[in-house]
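Features as listed in Swiss-Prot:
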BINDING   Cys10, Cys13, Cys32, Cys35  Zn(2+) binding site
BINDING   Pro134, Thr135, Gly136, Cys137, Gly138, Lys139, Thr140, Leu141  ATP binding site
DOMAIN    1-51  domain 'ClpX-type ZB'
REGION    50-74  region 'Disordered'
Amino acid sequence: MPKYDSHLKCSFCGKSQEQVRKLIAGPGVYICDECVELCNEILDEELFEGATQPQPQPTKVKASRSSRRDTSLKKIPKPQEIKSYLDQHVIGQQEAKKILSVAVYNHYKRLSSKLEESGDEVEIQKSNILLIGPTGCGKTLLAQTLADLLDVPFAIADATTLTEAGYVGEDVENILLRLLQVADGEVERAQRGIIYIDEIDKIARKSENPSITRDVSGEGVQQALLKMLEGTVANVPPQGGRKHPYQEYIQIDTANILFVCGGAFVGLERVVEQRIGKRAMGFVQAGEPQKREQRLVESLKALEPDDLVKFGLIPEFIGRIPMVAVLEPLDEEALIEILTEPKNALLKQYQRLLRMDGVEMVFEPDAIKTIAQEAFRRKTGARALRGIVEELMLEVMYEVPSRADIRKCVITREMVEKRSTSELLILPSSLPKPESA
């Protein structure tokens, strides 16, 4: 009879050595033959289930681009029609509008031609667009308005949040995920959309010469964007975030996606002036801000690809955004027009809101001019207008809906200067006061 030690027990089932056929010892633990058999059964069951279930596969996109037919491609607006639509929503920037109108028309005409090409015809390459201009001059609005006109998905990405693969931050493929979400998950629609990448100047490398250290949010991002801008089939994780080997991917072909990149490119004018031999901007006399802005625009109109290389963009990246449009800084007259002229002008929005309460809203010309002057001093373009007007109109929007005696409000220059509407000019109006619910 074999000798058993009654103190030795299986660490899993608790049976003693004499109750089992074999007890295997480890460093401080024991396992019996019965528990080993049970573990083997569990493993065999999982292996069997894994073999019978289909493995996760990427969502395939048909390779034949000729099948990507969209009825909207048959009705591409002409460049003059595109510019006319832009004029209704964006003030100024006439040259930039022309460049955008032609580029967008050619891009979607290129997509339309792919539906009918036989294979031996001239292939039209994609022309992405670079918008250069100060903050608040209308770069994002131009791209958004184009997408609205063409009825295509539109997504905005911030280049400053992007890093190359393997580092903390967003992968460039997450840009495509945003576009896919806007397209309600329809891959075919997303593949004809427009992506606006803002702050593209912030991913410029620090010097013209390649760095020996890794620039994961500058040159590294430019390298990561190259294939996407040119046209590739990208694997996009459906839930966003970082990729891992065992997740499913959605495949998106970027060959027909129009990329519009925008940035302020502060200091680029000095690079241009050094090349053409002009004296650096230096100091300008007080009271001449508009003259300085005009000199800045004139310098940027002489922009060449080499200037962008010296600024910090790599040549391969510049080659994939051949269309460059320089937007002008907004002067006081342009800011006044932005307040009053566009279809969705800010003052028109407030007038409509108060009209719903049966109140007529009037902004005196001097008040509008004062708002524009203050916005121009802030140097943030059209963005400053909303901040000033919302601060001014806060008390009006709070007080007027509850006042049955107010039928007409007049905003004067003094109210704008004091940032106070406590002394509203109240006049009789022909608008009926709506009954409260």
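Just so you know, glycine gets a Cβ as well, placed from its N, Cα and C.
It should be emphasised that the depicted structure is a prediction, and the values quoted were computed from it without experimental measurement.
Within 8 Å of the centroid defined by the CB atoms of Cys10, Cys13, Cys32, Cys35, the record's Zn(2+) site, lie the Cβ atoms of Ser11, Phe12, Gly14, Lys15, Val20, Leu23, Tyr30, Ile31, Asp33, Glu34, Val36, excluding the listed residues themselves. A separation of roughly 69 Å, to the nearest angstrom, links the Cα atoms of Cys10 (Zn(2+) binding site) and Thr140 (ATP binding site). Counted over every protein chain shown, other Cβ atoms within 10 Å are most numerous around Cys137 among the binding-site residues Cys10, Cys13, Cys32, Cys137. Here the C-alpha separation of Cys13 (Zn(2+) binding site) and Thr135 (ATP binding site) works out to 70 Å. Cys137 (ATP binding site) falls outside any helix or strand according to DSSP and counts as coil. Nearest neighbour of Cys35 (Zn(2+) binding site) by Cα distance, taken over the binding-site residues Thr135, Gly138, Lys139, Thr140, Leu141: Thr140.
Of the recorded residues, Cys137 (ATP binding site) and Cys32 (Zn(2+) binding site) place their C-alpha atoms 76 Å from one another. In sequence order, Val90, Ile91, Gly92, Gln93, Leu327, Leu330, Gly381, Ala382 constitute the residues six or more apart from Gly138 (ATP binding site) in its chain with CB-CB distances below 8 Å.
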